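The feature region 'Disordered' is assigned by TrEMBL to 1-31, 74-93, 119-150, 238-265. Feature annotation from TrEMBL assigns compositional bias 'Polar residues' to 22-31. Annotation comment: TrEMBL describes 35-125, 154-243, 269-323 as domain 'Fibronectin type-III'.
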Amino acid sequence: AAEEPEQLSLPSEEPQHEKSQTEAPASNVSPARTVLGELRVSSISPSSVGLQWSVPEGSFDSFMLQYRDAQGQPQALPIDGGSHSVTVPGLSPSHRDRFHLYGLRGRKKIDHVFTEAVTGTEEPEELLLPSEEQKHEKIQNETPPSDAPPVQTVLGELKVSSVTSNSVQLQWSVPEGSFDSFTLQYRDAQGQPQALPIDGGSHSVTVPGLSPSHRYRFHLYGLRGRKKTDRVSIDIITASEEPLPSEEPQQEKPKTKSPASEALPVQAVLGELEVSSVTPNSVGLQWSVPEGSFNSFMLQYRDAQGQPQALPIDGGSRSVTVP
């Protein structure tokens, strides 16, 4: 029992015992006792599930969520120790999924909770690419104006902050009021409707898994409870497929070719890129910026199928998990 298969095969035998921490002797657990609270479902869509949990005692260095994807393949999603919620995308509609959450200290699994959720049915919600709705950007005007003013909530313009060949980063503001949550709806390259639930405190999102040189229309809905109160839309064309820069490794720092005199005032230097966590299907990376600052970062790699991927990262970030 001491050698828990750190290979993140899903624990078909484990569900009976809610807590995996009982394997450590009780005598040395009590001083640094760390306990996971109940794992709950916070939101459901046809292709995703939002989960949340608490840590009533102690703290964990990180969490690991294990589940099976739409193809039945085991997936392991590493989560930062400060997070108490996560949205799991890429699921199948009307499908029962079991999610296992592990709390880790270092690389050791200390506690384990799990829950089951059934994804929503594939809603033919005409909210996706609604040709009639495009004329009136706001859907809140369906509520009587008399009771709207006290709780007026308004979405600001939906803007693109970055575009790659397979992802888009979007941002928006909420100039008036606040929303409980948001939903981003769009059709994928195969024309299938997708709905991405977003926490009400977020004002940006990265949409991965897109196709190069493809036009997408994104609809962002602001929700109060489960009611869609306001909506903004945007059309975007993804970038063409860029080959990975296999020729570049020889010239580690292209900027050294510019005269040193003009480089000094705006010198910006990347520190070493380090691996912070590894699972069978993801890698956590971190880096520093010892001098200056960057507007943004771009991580390029090849996925399991050998396809080039480019992941845009905010300029204030110093770490990323590559799933």
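Just so you know, glycine gets a Cβ as well, placed from its N, Cα and C.
Within its own chain, the region 'Disordered' (74-93) has Cβ neighbours under 8 Å at 8-10, 42-43, 46-55, 59-68, 99, 104, 119-122, 196-199, 209, 277, 279-282, 284, 321, 323, counting only residues six or more beyond its boundaries.
Taken together, the residues in the domain 'Fibronectin type-III' (35-125) have a mean pLDDT of 86 on the 0 to 100 scale.
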